[in-house]
Amino acid sequence: MAFLDENPGLGYPLAAGLGLLVGSFLNVVILRLPRRMEWEWKREAREILEQPDEYDPPPPGIVVERSHCPHCKHQLRWYENIPVFSWLALRGKCRNCGAPISAQYPAVELLTMLAFLACVWQYGFGWQGFGALVFTGFLISLAGIDLRTQLLPDQLTLPLMWLGLIAAVDNLYMPAKPALIGAVVGYLSLWIVWWVFKQLTGKEGMGHGDFKLLAAIGAWCGLAGILPTILLSSLVGAIIGSVWLAMKGKDRATPIPFGPYLAVAGWIVFMWGEDLVGWYMRVSGLA
């Protein structure tokens, strides 16, 4: 949209507002999608085991159901559901029952707003910028779900991968060939690590969702983005994971979700991958 590119004083506030609204929706996805998945798994398990049906009402839908307090089920009015501002006005508590409202809500909304601003700053307000917003929204949802549940749903990873490949058909960020190779190599690279680790230890070192997430990142970043994503996510994961285990008093056998680190690293590579590689080459003296 050339008009917004020529009028950034209007474009950036619109991007910020859109980020807050989308962040509010991403909170719904992060909280409700895993519950829906668990409900469907239980129903399928009862059918396979031929167990009698139990009264188990489905959890709220992602789009249709209105937001409500998880403690007292009070349905939020529009002025109680304004991103960030309502949480601050209510001082992080439900207006009806006084139960605390998780700080996750404003955190995700603010994170999405800042990420959206970075996207339009880097890619502008055209189709590249729109694609960057879509990529960012998916990654935030996946990172949030993995942090809470250690799940990376196929309902998000696979559409994200296909969207990246479709974007490459139109040469939005790169031609189709490097995007397709990036998706394949992204999946196989972590699958090989998983397979070797399992052969050596008899244990599974990561979930299959991580393979699919890196495949999706490869579809958006291409083959050249795979190695920087793996290195950056491993470095950040090792540092933050070690600190988290020490603070929680956990041992090294405690599972740590890898998806958030992949998501952060993939987003950084998507946004500034060439600059990052160039900086490393200069610092290391290879350039």
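Just so it is clear, glycine is given a Cβ too, placed from its N, Cα and C backbone atoms.
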Practice problem: Have a look at 70-89, 90-109, 130-149 and point to the one annotated transmembrane segment in TrEMBL. | Solution: 130-149
Practice problem: With DSSP as the yardstick, break the domain 'Prepilin type IV endopeptidase peptidase' (133-241) down into helix, strand and coil residue counts. | Solution: 92 helix, 0 strand, 17 coil
Self-check item: Remote residues contacting the transmembrane segment (258-281) - C-beta distance under 8 A, at least 6 residues beyond either end
Solution: 115, 118-119, 122, 132, 135-136, 139-140, 142-143, 145-147, 152, 206, 209-210, 213-214, 217, 220-221, 224-225, 228-230, 232-234, 236-237, 240, 287
Exercise. Count up the helix, strand and coil residues in the domain 'Prepilin peptidase A24 N-terminal' (18-123) according to DSSP, in that order.
Key: 59 helix, 4 strand, 43 coil
Practice problem: State, in range form, which of 12-33, 130-149, 217-246 has the highest count of Cβ pairs under 8 Å to the transmembrane segment (179-197). | Solution: 217-246
